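What follows is one structure encoded as structure tokens, with my remarks underneath.
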Amino acid sequence: MQISVGGEVVEAQAGDTCGDVLSKALSKKKFKQVVAADCGGTILDLSRPIGDGCTELQAVFEDTPQGLDVIRHSAAHIMAEAVKRLFPDAQVTIGPSIESGFFYDFDFERPFTPDDLEAIEAEMKSSVGRDLPFERSEVSKDEAKALFEGLGEHYKGEIMDDLGGEEFSLYAHGEFTDLCRGPHIPSTGKLKAFKLMSVAGAYWRGDEKNKMLQRIYGTAFGSEKDLKKHLNQLEEAKKRDHRKLGPALDLFSFHEEGGAGMAYWHPKGALLRTILEDFVNHEMLKRGYDIVRTPQILKRELWETSGHYENYRENMYFTEIDDVPYGVKPMNCVAHMMIYNTGLKSYRDLPKRYFEFGVVHRHEMSGVLHGLLRVRQFTQDDAHIICRPDQLHDEIKGVMDWIQALMGLFEFECMMEISTRPEKSIGSEEDWERATSALMNAMDDMGLPYQINEGDGAFYGPKIDVKLRDCLGREWQCSTIQVDFTLPERFDMVYIGEDGERHRPVMVHRAIMGSVERFIGVLTEHYAGAFPTWLAPVQARIVTVTDAQKEFAETALTALRERGVRVEADLRNEKLGYKVREAQVQKIPYIFVIGDKEVESGGVNVRLRGENLGLKTFDEAAGMVLTECQEPFKRGGMSYSFSSYPIPV
């Protein structure tokens, strides 16, 4: 049997494994870096026999995303083995790989301690040193259930019942056996670099009605160098954590007594939001959008018509008014369709682009709430474009142009995915194909690369998801564009065509920042709290050397504010170094120092993020601030006239 490996044809013998074939095509040095095999998109263990249908095989290397997934999944098994050796009464549940590592959930009577983690990690290293092979077997459901019941692992039977089927694969290394699809590294010795990170609570099946388990998180890489790099990035990320910077910079806070998952915006944080939202509103008007405002709650029957009640109600909040059931909106689309249906539209009226900074509520499990990044109440920069089918292509391109402009303003790198029809969805197959093709054609026309994410679309239509890569290389999901032929049908949206007949429009759902809260959380970490000058709530702080300059400082404060600078003054009788340091800790871009020399010359000494720029007049100092504010917009081919806001005190 002939197998193609990277363009080279390899003769495979009966009984050869994937590893046997790859070892014939690769050098010994290269083969040592292989952790699995790829046969037609299916990742397999190196110990799996070559099947008759496999004509092409690719090596999965330890430093690739697929390779890391295999390594981390195997690390979860090795960790579970270590826990069972140290704590035999602990029950194992599930242990997948995740984006930055792996975890395993355990049912154990007492909390795991930091000392326990050290002991577990040491036991894992012992297992790695023994270089135990991962061995796969396939057994009947009855055999698997009997095995795990005999081991006292009661959760595994429930998992098998949920999965269905009569045959299951098991993986064993040493004395540990787990229910698993695989694949895994050839042996425990292939786990070269790993670290256990933390312990957290997690409800079984993610349901807070179930028992609270203990989740041990870890990470693993193909080399110690990559692991060290990752751990250094985590340390840097801790310094940038928006949950610490937000309160420290007096931007926002959270209050459990008022309700979990809802942010309280302090004056400076609210000002930052206002500046950002004003700019977006300005751009939306320039790009032909109409700004609208809609209610927070709508009758439940509207959510039933839209399909949200059937497909999304577990994430919604409901109430009753005058014995009529209402739903708090989790999205703005239904309300925007109400506006469209107010009055008959002509083909000449389209497209209609309705934009709203709409406040929405979604019920998130308490365990997944995470600062501004995962909340229950948030604001979407939400728009719905209702257009003729022949306008769809250009409308998608217009949205992508705005995404590139906005993300370019913050120097984010963008990566695009097109997500296709999920199992739980509404609408015809024909409409889904038309919508998916429209997204692909627009992206192709703009020359933008994208990946296909099968089955991850919204329940009413396919979508483009845009991920951002920040300065630490982390990826964040923010922007989305969704094409929808279904809701216009359900809400009987029409326009009168050139032929005088009624026609059905198509709707594009789009949110660019996604959640304003989440986006500001990402920006806070991206800039480590040192926001660009145009966005900084306080652009400059005047600091005096002594009380003798207080009167002139007040004059400077008024003059600079009149020139459009968001400036405040620190006139306390404190040492200059202390006041300068405090301004730097608050991440204020400009510090204007006023001593006797500055009073005499009628100006200020300018410092920009630690760099001394010397003595400047009020006009020069204000000009420097305002010029810097415009630079990112000019770089992106945009312009924006900033409103002058008073500084919160």
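Heads up, the Cβ atoms here are built off N, Cα and C, so glycines get one too.
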Query: Which of these, Cys54, Cys180, Cys333, Cys629, does TrEMBL list as part of the Zn(2+) site with His384, His509?
result: Cys333
Largest tally of Cβ atoms lying within 10 Å of a Cβ, found at which of the binding-site residues His384, His509: His384
Task: Measuring CB to CB from Cys333 (Zn(2+) binding site), give everything in the same chain under 8 Å that is also at least six residues away in sequence.
output: Ser306, Asp382, His384, Asp484, Leu487, Met507, His509
Field: Additional residues around Zn(2+), ordered along the sequence, whose Cβ is within 8 Å of the centroid of Cys333, His384, His509
entry: Met331, Asn332, His336, Met337, Asp382, Ala383, Gln482, Asp484, Leu487, Met507, Val508, Arg510
